[in-house]
Amino acid sequence: MELYPGYLEDHFNIHKLSISSASPPEYMTSASTQFAAPVRMGAYDRPPPVGMWSHEQFKVDNGQATSASTIMEAEMKFENRLEEIPQVVLEEGRNVDQEASKPPDKVLRRLAQNREAARKSRLRKKAYIQQLETSRLKLAQLEQELQRARQQAVYANGSLREPNLGFTGPIDPGALGFEIKYSHWVDEQNRNTGELRNALLQGQTTDQDLELKLLVEAGLDNYNRLFEMKEEAANSDVFYIMSGMWKTPTERFFLWIGGFRPSEVLKNLRPQLEPLTDKQVVEVGGLQQTSMQVEDALSQGMDKLKQTIADSLTAADPFDSPEAYMVHMANAVEQLRSLVQFVTQADHLRQQTLQEMHRILTTRQAARGLLALGDYFQRFRALSSLWAARPRDSGIS
């Protein structure tokens, strides 16, 4: 085909050929068109000028294509980054909240160390208490063995056929257990007495009356525990309770059936309860009279029991057979079991007296009464200590 002159300079024909061509021009298949295709022109964007009469306008520079592809690639990465920002922010916020809700590792380690130290402290305290109780048991056992050795020395001129004279058998475990419990009870009573004294010195207010009420109830509960311990120990060794070996010498001097006389306590502590109303005076007087009557009845019962046991021992003929002798001794042993009931009834009288005084008196009066009672027993123990520490003549062992 013959081309007319200037055909190659006819830019319009070149443009027509490029438009009508079935395949896109070479510059349209470059890598830049793959990224330029999604680009859309905004409604208010000014279209780029296109020169139609200069072939330079259709000439694509490789550098420009590369830069355009780089720009489009950066824009797509930027859009992808924008889409990822909310999720990252949410995840970071969620992680921050979770971290804030969790204590730091240093705090957790410190808490674990504190728990371990507290556990070891409790174990040491428990071991110390067990060691203390064991030592107290050994001390009580040595004291009882010493007392029985003294009794054996007193009766050393007795029959050689009775080497155990002065001994009543092995030490009862129940008595030793009561010795430890009673020592703890004394500590608790001293603490309650001190708290009552401090509370009474602070004056009278609504809060103070409530505190006094709680202290009075705690003091009464402490005495109730003592009576329960004594009943349990009496079933194991009633003579241990009745003899007062668990008390100081001065307390044993005033002992009545293993404890204090309720009527004597009421008489000695009544001045500490003043002022009393007329009704309270009548009720306290009636309670004291009733206590004296029950005490007399129990004392008479004890005297009768002693006489009955003595009669059982003297009823046996020295020339009777061993079988007849054992029958009389068995009767005497059975009668001794009644001593447990006497101890229980005496403690019941003491308990009822304290409860009736609590009912008759006001909270403040009951607090003063328990304070006076605790101080009363403390002075007995202090008197025994002073007596034991008194100066002795060097010529007397």
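Even glycines carry a Cβ here, placed using N, Cα and C.
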Region 'Leucine-zipper' per Swiss-Prot - which of 132-146, 147-161, 357-371: 132-146
Range annotated as region 'Basic motif' - as stated in Swiss-Prot, picked from 43-63, 106-126, 169-189: 106-126
